[in-house]
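Here is what TrEMBL says about this protein:
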DOMAIN    32-68  domain 'F-box'
DOMAIN    113-248  domain 'F-box/LRR-repeat protein 15/At3g58940/PEG3-like LRR'
Amino acid sequence: MADEGRATAMAATGSPSNRHSDIIAKEAGDLISRLHDDILQLILSYLPTRFAIRTSALSRRWRHLWSDTWSLSFYRDRPDAAASINRILDRYRAPKLMSFRICSSRLDKLADMDSWINFAMSRNVENLSLDLDWGKYDIPDFLFINSSIKQLYLIFGYYTNDMNPKCSVSWTSLKTLSLYSCNISDESIANILSGCPVLESLSLLFCKKLRVLDLSKSPHLITLEIKRNCVTEPTQLVAPHIRCLRLRNSKKPCALVDVSSLSQAELDIAVFKIVDNKLDVDFHQTMVVKMLEKCQNVEKLTLGANILKILSLAELRGVSFPKLKAKALTLDTMISRYVIPGIVRVLQNSPDLKKLTIQPMGSAFTYHIPEKHIDIYLDSHGLNWDQSWSSEFNVELKQVASFMQLVLKTTKTLELIEARVKGYIKGRCFLELRQMVPMLTRNNNVSIVLSSRKKRCRATG
């Protein structure tokens, strides 16, 4: 009877484990509720606004917390998106707005865009992001005159939008500017730059019409990114103050007229030139060698797969390379016979190198030169690869180990090799490679770090 009574009591009150879980949940809820409103609003600011609003159903205290957050972000594609956003803005109470973002692929349904931008500016927004994937949007003139915005991201997807302000630009606080898929002329970029006296970072992605990018009058601009511009703009770059350059160029060479302060550079060719179904090697070779000449003093250098392929062809043709002062070199490529000669020459010409990083083609925005075009060129000129190296689509464990041996043999000052072999060395092969590392470094004072998915191994000779 006593056992039945205990069973009945437990059925009524729940098992001990369930009661314990309820207590923990209640205590956790109490801990959150005891936090100051400012902290709770900070937490809510990191959520998309629609999720932050849902917390208003938790209790009376939470009902209006979201309306005083410092960030608003909208990811809306529904037909009623405009009405929903307008209702939310009507209920928003904070006098200061740090971040305002709209991401939509239904611009034709968002006719109130100008008023939303004006709302954000009236709250002295500092970080403004417009990610509009479809349709053309004429940027209102009032956006070009603002003293509060510090970070501005204008991202246009399928349709290229014009970025030609009709007034004098005045972004006196702007430090970061990112333009994606814009038509922007030399005159327009000059107007923009003249109105950004403290600009520190500029990104131009998929932008057209720009021919000469002159940053000589922007002394605070230290970071520049130009990636895969569709018709090879700009063709000239004058940037004496930048320290970090990420350049994914295309068909025509981008002349680095002045990059004398550069200390970090990431270089690759995004599109390649084919004439009569043949790779124009002379054209690309000239482009790449001139790029390296301008980056001789760079201490942290990243070279993409296409540049390394062109350098390999140049090496087979006996073309001389400039000496480099790089202390850290990253090779953004698969290990194959198409890049080995170029890599070896770059290593030989880098007498101060301390760290080498190998990673398999990290850029999703690069068209890679097909192997067949390289093979056609070699056959027509009587040149041959070292056949002990495979193609980039058939990388074997032994080849990775042989490549590391080659690196250790070629360099004398190297202290660290980091091989990010994720994607082409997996499972058992990774374990076997890890076992080889001590033998590879036996006669060298070099550390080798291997990483593949969640596994990581470090060995020192």
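Residue numbers in this text run from 1 along the chain shown.
Glycine too: its Cβ is placed from the backbone N, Cα and C atoms.
All TrEMBL annotations are machine predictions without curation.
Outside the domain 'F-box' (32-68), and at least 6 residues removed from its termini, the chain residues within Cβ reach (under 8 Å) are 74-75, 88, 91-94, 98-99. When the domain 'F-box/LRR-repeat protein 15/At3g58940/PEG3-like LRR' (113-248) is classified with DSSP, helix, strand and coil residues number 23 helix, 47 strand, 66 coil.
In terms of DSSP helix, strand and coil, the domain 'F-box' (32-68) has 24 helix, 0 strand, 13 coil. Taken together, the residues in the domain 'F-box/LRR-repeat protein 15/At3g58940/PEG3-like LRR' (113-248) have a mean pLDDT of 90 on the 0 to 100 scale.
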